[in-house]
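A quick write-up on the structure given underneath.
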Amino acid sequence: MMDSSEHDYYEYFDEFRGILLYKQFIKYWDNVEAFQARPDDLVIAAYPKSGTTWISEVVCMIYAEGDVKKCRQDAIFNRVPFLECRNDKMMNGVKQLEEMNSPRIIKTHLPPRLLPASFWEKRCKMICICRNAKDVAVSYYYFFLMVANHPDPGSFPEFVEKFMQGQVPYGSWYDHVKSWWEKSTDPRILFIFYEDMKEDIRKEVLKLIHFLGRKPSEELVDKIIKHTSFQEMKNNPSTNYTMLPEEIMNQKVSPFMRKGISGDWKNHFTVALNESFDKHYQQQMKGSTLQLRTEI
């Protein structure tokens with residue numbers, strides 16, 4: 001039997017096709033599954049808290065050919081709709097996307113096997129951004145604290161245990177990143193590391209420009225780097241999620257743009273927690289060629 005705190009924890013989530021997912025998303029799943037992709041759609045896929053907003057803004061700037069004003073006209077969650085996001089009140093990713101002109105940029109946290117079939121049929125390009133598990137766990141913990149429809153995550157070590165067992169929305173980080181990594185041999189899929197973007201943003205921006213078939217210029221790259229720096233995005237209402245009401249995202253508890261660094265896990269993991277995490281990590285990632293850096 002579940003104790004009351006465990007019952008509270010699962011109030012908003014349910015097991016769905018092998019992962020934990022928000023009940024509201026599951027309720028409207030048929031609309032996601034039936035979604036019709038267009039050949040020029042671009043999918044940005046990532047496990048939550050891996051740098052999705054950052055790479056989305058970089059891509060928006062590439063599409064806008066460096067026009068900052070154009071990118072500031074609307075919130076990132078309207079420019080890059082969140083495919084499977086749906087609730088009874090105000091959010092409907094599928095509807096947003098259906099009403100959008102091409103080319104569309106589409107955000108998802110789904111693993112490849114749950115992505116609507118039409119994306120594969122239409123041979124859409126996809127960008128997957130991946131971040132080291134420890135920093136993701138830290139960021140996810142703070143996300144739980146500040147976003148509505150999330151239970152109390154408990155203490156940080158308690159939350160990390162849930163994270164390790166895949167008992168968080170979108171399930172196991174390990175399964176998620178391994179499944180996208182296996183897909184990345186496909187030339188239509190670009191796999192990008194958060195840590196590489198932190199270390200050499202110019203190199204990664206150029207990689208993205210080439211992947212998207214655009215012409216690079218020094219001026220364009222400079223504009224993108226400036227506009228998508230952490231400080232710029234933290235202060236930009238169109239990227240920092242302050243356009244969402246406080247009852248959805250309470251940034252007084254923790255800002256959406258919190259630190260934007262690699263290695264913040266060192267400020268949260270005790271030696272013992274780190275040791276057990278590393279042991280579990282090695283078991284989960286055994287046999288995978290995917291290598292991530294926990295610091296730069």
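From the backbone N, Cα and C atoms, a Cβ is placed for every residue, glycine too.
Per Swiss-Prot, 3'-phosphoadenylyl sulfate binding site is recorded for 49-54, ARG131, SER139, TYR194, 228-233, 258-260. For the recorded site, THR52 (3'-phosphoadenylyl sulfate binding site), the DSSP three-state label reads helix.
A sphere of 10 angstroms centred on the C-beta of HIS109 (substrate binding site) encloses 23 other C-beta atoms. Among the features that Swiss-Prot reports, substrate binding site is placed at LYS107, THR108, HIS109, with the record citing similarity to another entry.
Feature annotation from Swiss-Prot assigns active site, proton acceptor to HIS109; the stated evidence is similarity to another entry.
For LYS107 (substrate binding site), the same-chain residues that are 6 or more apart in sequence and have a Cβ closer than 8 Å to its Cβ are ILE44, THR52, SER56, VAL80, PRO81, PHE82, LEU83. When each of the binding-site residues THR52, THR108, THR228, GLN231 is scored by how many other Cβ atoms sit within 10 Å of its Cβ, GLN231 comes out lowest. Neighbour density at the Cβ, taken as the number of other Cβ atoms within 10 Å, is lowest among the binding-site residues LYS49, ARG131 for LYS49.
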